[in-house]
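Look at Swiss-Prot and you will find 672-682 tagged as compositional bias 'Polar residues'. Among the features that Swiss-Prot reports, compositional bias 'Low complexity' is placed at 731-744. The phosphoserine annotation in Swiss-Prot covers Ser711 and rests on similarity to another entry. Annotation comment: Swiss-Prot describes Arg788 as omega-N-methylarginine, evidence class similarity to another entry. If you look up Swiss-Prot, you'll see 460-508, 668-777, 829-908 marked as region 'Disordered'. Annotation source Swiss-Prot lists repeat 'TPR 2' at 67-100. For 107-140, the entry in Swiss-Prot reads repeat 'TPR 3'. Among the features that Swiss-Prot reports, repeat 'TPR 4' is placed at 162-195. Taken from Swiss-Prot, the feature repeat 'ANK 1' covers 526-558. Among the features that Swiss-Prot reports, repeat 'ANK 2' is placed at 559-591. Summarising the annotation, Swiss-Prot assigns repeat 'ANK 3' to 595-627. Taken from Swiss-Prot, the feature repeat 'LRR 1' applies to 1065-1089. What Swiss-Prot lists as repeat 'LRR 3' is 1124-1147. According to Swiss-Prot, the feature repeat 'LRR 4' maps to 1184-1207. The repeat 'LRR 5' annotation in Swiss-Prot covers 1243-1266. Annotation source Swiss-Prot lists repeat 'LRR 6' at 1271-1296. Annotation source Swiss-Prot lists repeat 'LRR 7' at 1327-1350.
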Amino acid sequence: MSLERELRQLSKAKTKAQRSGQLREEASVCHQLGELLASHGCYAEALREHQQELQLLETTDDPLGCAVAHRKIGERLAEMEDYSAALQHQHRYLELACALSNHVEQQRAWATIGRTHLDIYDHHQSQDALQQAQDAFEKSLAILDEKLQGSLPKRELSEMRTRIYLNLGLTCESLQQVALCSAYFKKSIFLAEQNHLYEDLFRARYNLGAIHWRRGQHSQAMRCLEGARECARVLKQAFLESECCLLLSQVLLDLGDFLAAKRALKKAYRLGSQKPLQKASVCRTLKYVLAVVQLQQRLEESEESDPEVAMGICEQLGDLFSKAGDFPKAAAAYQKQLRFAELLSRPGPELAVIHVSLAATLGDMKDHRQAVHHYEAELKLQEGNPLEEAKTWLNIALSREEAGDAYEVLALCFQKALGCAQLAGQPQLQRQILQHLHAVQLRLQPQEAPSTETRLQELKAAGDEDEGDGEDEEDEEDDDALEATELELSESENEADASPPLEEDEELRGCLGRQRVNKWSRRNDVGETLLHRACIEGQLGRVQDLVRQGHPLNPRDYCGWTPLHEACNYGHLDIVRFLLDHGAAVDDPGGQGCDGITPLHDALNCGHFEVAELLIERGASVTLRTRKGHNPLETLQQWVKLYGKDLDSETQEKAAAMGRLLQAASLGRAPHSSQAPQTLPSNHLFDPETSPPSSPCPGTPEVCEASTRVSQGLAVSTVARPRRSRHKVASSSSSEGEDSAGPSQPTQKRPRHASPSLQTKAPMPGPASDREAATTSTSWAAYREAIRGVGSAQTCRLGPSPLRGPSEIPIPQAALIPQEECLAGDWLEEDFPMSPGHRGRCPARPQSSGDGGRHRASGPGSDTARRPRAQARQSRLPYLESWSTPVRADRANSQATEPARSPDVPRVVAPTGENPTTGHLPGQVLPPPIRVRVRVQDNLFLIPVPHREAHSVAWLAEQAAQRHYQASGLLPRLSLQKEGALLAPQDPIPDVLQSNEEVLAEVTSWDLPPLRDRYRRACQTLEQGEHQQVLQAVEHQGSAPTFSACSLALRQAQLTPLLRALKLHSALRELRLAGNRLGDGCVAELLATLDTVPGLTLLDLSSNHLGPEGLRQLAAGLLGQTTLQNLEELDLSMNPLGDGCGQALASILRACPVLCTLHLQACGFGPGFFLSHQVALGSAFQDTKCLKTLSLSYNGLGPTALGPVLGSLPAHSLLRLELSSVVTGKSDVGLTDPVVHYLSQEGCVLEHLSLSANHLGDKDVRALSRCLPLCPSLVSLDLSANPEVSSAGLEELLSTLQKRPQGLSFLGLSGCAVQGPLGLDLWDKVVAQLQELQLCTRRLSAEDRNALHQLLPSQLGPKVCTLDQGPKLFFRHL
């Protein structure tokens, strides 16, 4: 029904109620009208209806109705952004609800108030509003828990709780409380799913997706938004789905996936929007994306065939990206254009234009140094063209100005630009150059500005020329570039009118461009295949059809999830059973973005206990851990802990039963289905997306439909579960910090051997002896012993046969696995070790195995085990054609059967004799050396694996740890992963890795002995002698939160082992290194240490020979990091920093958000320090909301620079300011003017001011005195070492203090020309107005001392402390 029709009907009903005098009925219609109008954005009209509703209900004396009307009026006012009036009505609503003792309305009132405060924060960024919002939501939740539990229907309670959790999650996100935010969102999503509250579920998933996007967690954001989009479809709200598509397109644009972004934007465009601005935004963005896609496709086609065309396309792409504000992509496009141009040997002017584009783009990216580099390259190419040289020199000057270079460098560039412009005869350009130069001179060199202004006046006669044609033309060209996409956009509109294509085809269309690919490789925006989608949607028939048609079983989406993961996540039991029957990887830990979550973890994390039980029956490991270190039992315990309060008794019983099952399984007592085949992953030589699917071994019986259950309590689990961020479901259980920024390559775990009780009875070819039958009944331990020496076609394992203890009886092993122990989908090769005294050979018979792509060599059984032989390993072979004939070996050699190899793969035969320590035998061919690349954090190590003895993954991890220690001084404990799959420490390296492969080492913990031992070990590693004083310091301060190594004059070589020893010293809060020789060369080591001690609150680097280059290194290392997030005090005093370090200092200030104290004494700052970097430093100081103490003493800033410095300081928070000796001589007059201006401004809270040694006189003290009443917070003033200040200045100061409500707690006048006798009256004022006075002058008389001693006992008695010795006369109130 249209809005107009609904409004007409309600208006008629309202008129009818008015005529009949039914006030309550009329109020009800007003309420409906208000809600309808508000839902369509007509807030003012809705407000009038609710106000009329309130008047009618007040007439009828309906307090509850009035309360609800106040709530609605408040909501409408909040939507109109009149928050103060909204809060008045909402608090009135709360008062009425309290008066009625209506807890339901009280709960709603607090929730509504909290929502309004959250809106206030969104508009005004008020932290107070945020805190009030949190308080209101918590009160609402408390009422729900304490008053309403059990008094309302469960669904209504869940709906209330869902919305409160969502609002609390949003509030915690704004408060940057990440853990609480995640927990609240998980609870909200869990309850919304459990109770099918799709509107609330949409809000939770959409908001969580936006949060993930803002945090840069693109993979999780995409899945949350797809989940929200699914809710919008269920609700049949096209506008909501359009919003999801629009935000999803922004995520995809961040990832650089323009094709996927185009599809999302087209959907948003077709679905439409309520908001005209949003519709225009969709249209504009879609035009841009279509243009980019078109250009990228053309570039791909012409890149190799026609470099000249490709060069032009790169330029168009760069221009397009630049206009859209995506400067990194623009710079990459221009760089590519430059490479093509150099390849084609284009003339200099053409190359120069590209350098200009690059320089301008880098300038937009604030990389001004690199921009200067490209301008200089352009200058060389434009040599001989004075006009272009002039423009380039101007650009160089402007870029250097942005980079913060000194005035001398800038002036030289401007002069060269001016000279070239004069040579080219361009008065307008000369004028432009002089205008820029004049602005720079006013800022940095005011004395030179008048002459430049005179030259400008002389050029004015040249007149103004039209300056805009070029820009207009450029805009027109850009518009033309975008207009070319109108055709495709109109096509998308026509699609909306025509019959829409199938959703599945729309989702999976064209992700790989025009390239023809395997039909099973088609994917949607998040990398999901047809099988993924069928598993998510619970379409068992569709899953069966796809698998029977040959769809791969274990493909991964871009995040790394397999179809089995999705089926377990959604709780589709029949689909899980079917996938397991056909060989799905039961213990797949997912890809890089999956946190090591196996299907069993997934099912438990979502509360699907029946699915979890089935997985355990099929041999799922109950000991595998996620990257966070949780095994399945711990995952279940976490799930119960998070949702325990919201679970009913039945679900709690099911969770307890599942816990008992997991405990029993971990002890080896779990029941297993004897009829369910355990099909393991197919050969990992094959790409799981393109290889043939696995099928059961021939003769494998079908799985029985009714399988054994642990208990009846686990038969059904309908509890809605928390979701991980994935397509069609909101993020809840995945790690907040894990992303998959792009498509991860499909990976597959090595085959995992399961218990014999889980295996299928499959007939095996070849005879089986009685001894084989006896082996069938052996225990699991015996089975593991039997397969310990097993090799595979992918391994090249060297080593002796397994050793048995003296009491163990050798169990003769058969050549074939007995039928009842068959590993469906896996196989054992003919490579058992052979006992001494037996030799022979068994003919190999190719036998098709269950995976459809591997072959098994089997033969008659033997009573003796055979030695393993090594084979070359080759990854991702398209197929294995055949097996070669067995190799006959002599007494020392075992027999070996090897696959045929391509000529470039070396054939390896490694004989194994009786004694593993014997040397190589004649005729032995050594295998090629294995080198493995191991990435540990930011370091990549190439580690050789010697063949002389078998090395395990644990050995490789130890080697990598030692190399990391040598490089960084930290010894980690590592676990190794390959393509997201954890490598077991005991596995031999050749079994799981091949040469030149890269593995990722994850740090599980750090080896951190006591600080003294770490220091000694670091000295040994660096071959540096131990410094005895440092050794004493680390012994005495090893466990203290403060570490000090001050005034030891340690050189860089001596500081390096100390800094390495302090890494990961978690107790460290204060680090004092004053009085050493850190210099610029040791800054990298300091940064590496600071990065590992995030709890540091104080850093003292004073007097350390730290120069401007070292400070720049420190700033660059802190950029974008959270290293000094908790730093409260920083001391850089007495370092030769100079005027050129302003930009670096500004970056450091931004990297320390809670900095309270900053010491910059005697750093060699002059007037140019602040004036050269006024914008950067001013902005940085203004943003230091917590700064309370600043010391700039002993820097020759002068009065000229002091004014801008004080103008940029945060007067509302700064409490202590030290400006001692900031003038260079008596000629620097006017220092007090900027100080007086600072003290007189409104909101100044300064408490202590130091102006000692600044050549001040009585006139300056008089000026300071006049502003004291305007700054009542100032209670401490240091004017010492100013010999021009006399008794007159003191008297003027004391007279002014009488006009204030309080005097001063401290006044320092040591070294001033105060001359006695001062008189009893003046001393009386001193005692009355000052809590502490410090006088140190030889001009005081005996009368002054007597007067002070006479006054103090009479007025203060014993509550005073005095010092009267020589020229010193101090007193202090106690």
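Cβ coordinates are placed from backbone N, Cα and C, and glycine is handled just like the others.
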Helix-strand-coil residue split for the repeat 'TPR 3' (107-140), DSSP-based: 32 helix, 0 strand, 2 coil
DSSP-derived helix, strand and coil totals, residue by residue, for the repeat 'TPR 4' (162-195): 30 helix, 0 strand, 4 coil
DSSP-assigned states of the repeat 'ANK 3' (595-627) in counts, ordered helix, strand, coil: 16 helix, 0 strand, 17 coil
Counts by DSSP class (helix H/G/I, strand E/B, coil) across the repeat 'LRR 3' (1124-1147): 9 helix, 3 strand, 12 coil
Predicted model, mean pLDDT over the repeat 'ANK 3' (595-627): 88
Tally of residues which DSSP labels helix, strand or coil - the repeat 'TPR 2' (67-100): 30 helix, 0 strand, 4 coil
